[in-house]
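This report refers to the structure that appears directly beneath it.
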């Protein structure tokens, strides 16, 4: 009996602890993701068990972490403790967290760091320690046992010293971020133990520390980003006693302050880093007007940099800026140049002629007018240029703009959107090589034969066009959205057209001629076009009214949707519930609105498919079999996918749920009651805003944890971490 009593007491204690945890964090009940953030907690609640993989305790009032607090959390993958008041941690507090991959202790009150905290975190990949009160990293390395570390963020306003040995044991990092605004002492060689850093960000004001850090990093870092520095470059070489080859390829200055003298010296010193191919300056201030030491720059030899980007640079007296006469020899190898949002109003013709290798030029959001553009693109200038962006300037004459760019013999892509052209002349001269032209948001009322016939892509969106009748025999893509069109463009003038976007116009009828030679599923012709006699007109009117009533009733009660979904469901029922594991081709099938395609295709796909190891995603645009019925494509892709990602947004709801094309997938997933659905909330959306016909989706949003896309960069790292865990489960 005493054994039974002992077992009872143990179980009672366990249940009591879990009850305490449930009361402190209701979201921890029966889930792997435990969200206890912003609960006003003064300590880590008891009852945290081995089933929890993600524990969020951020934004509380926790001051101390005890040895026993996380002792049972042996399967924890992510521990978020940022924005508390933590000032002390027992040395063996993290001893049982051998599977932990992410630890965030940022924005607390830690006055020192201890190796003992981290020595058992064998799986740790991401460590955030910024925003505490420690002044240094100690006499040795607190990170020496973290062999799998890939990203490290440290530093604070009081952080002043980096010593040799502080990074011993850290061999390679994807990202290293050091907040060192008040870093005053850097011992040379401190960062040399790290043999490979893909991207390093450092906030720094001390110029001697900057020079020493660059010398230590030329062999290890690929992209160095320096923020908030007041650049006063020493004359001492940046690569003194360093041997080739160098690794650094990209250097970014952000929120930095330069003078003319600093720029001259920086250009000379950076030439010594022969591997450097790209330089960026973002949100910087230049106290000067271009009085650079041209003779020193010229005698230092040619530059190896191929890409230069200057974005939102502030020059107080920009109208007095020099024309950089004498810099011609420094720009011969440049291939890509971006000067955006920087009040550029012209480039001297003499200088422009020496951009002999430049392929890409971006002057977006500047002060170019037609007269200055004519000087900027003078005869013989920019001889190799293929892409030119002049959007959001002050150009007013399309004819003069065409005459200017006609001097560019190799131009293929031209963006002159968001200028104010208004009238379009009948005749213009363009480069014969031009294939892409963006004239969107230019206030044009009518298109004429001024538009070059060589185009393959034309964008005239967001204007006031009422018709389109141009002969463009090579055109493949046409963008006409946000205009005043009442009829479709004819097919004959654009025989090679593959894609046309015509949303948000005023289309209200179609004629037979508009569809001549094309197969169209359903065309509703007007009564006047279909019938000649009064009797036939009356009969058709009656039929039309009956159809209208049926359509209205069907629309109100979503009859068509239910029919399509029932048919898809019956088809899916005839297939086996599970496909063999060998037939699984994808980690996830992605269901999303076309309006969210930019985020899905350019952000999520890049993050997941370039992860290590990479995830294989199924996108309808890319992976559906051409010619195959949409229902079969969706069902087959779902069955061959381990998970299904739903990217939910207002667009997803308001666009008739992606025109019902991807909603067939809901039946298969929710009918089987499995756990293969992962919901991503791209923006705030209430479950009550979801149409009632998706009752199971409404229910699952009320009961299932979903991932919300955060605005902040640091929170986004946690988002990707949680998403990858969900995909692996």
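For all residues, glycine too, the Cβ spot is worked out from N, Cα and C.
Predicted automatically and left uncurated, TrEMBL annotations should be read as such.
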Please find, within the list 468-489, 490-511, 512-533, 534-555, the residue stretch that TrEMBL describes as transmembrane segment.
-> 534-555
Once near-sequence residues are set aside, which residues in the chain of residue 378 (disulfide bond), 6 or more away, have Cβ atoms under 8 Å from its Cβ?
-> 349, 352, 353, 407
Which of 28, 34, 349, 428, all disulfide-bonded residues, has a Cβ with the fewest other Cβ atoms inside 10 Å | 349
Within 10 angstroms of the C-beta of residue 450 (disulfide bond), what count of other C-beta atoms is obtained when all protein chains are considered?
-> 18
Between the Cα atoms of residue 428 (disulfide bond) and residue 34 (disulfide bond), find the distance and write it as a whole number of Å.
-> 65
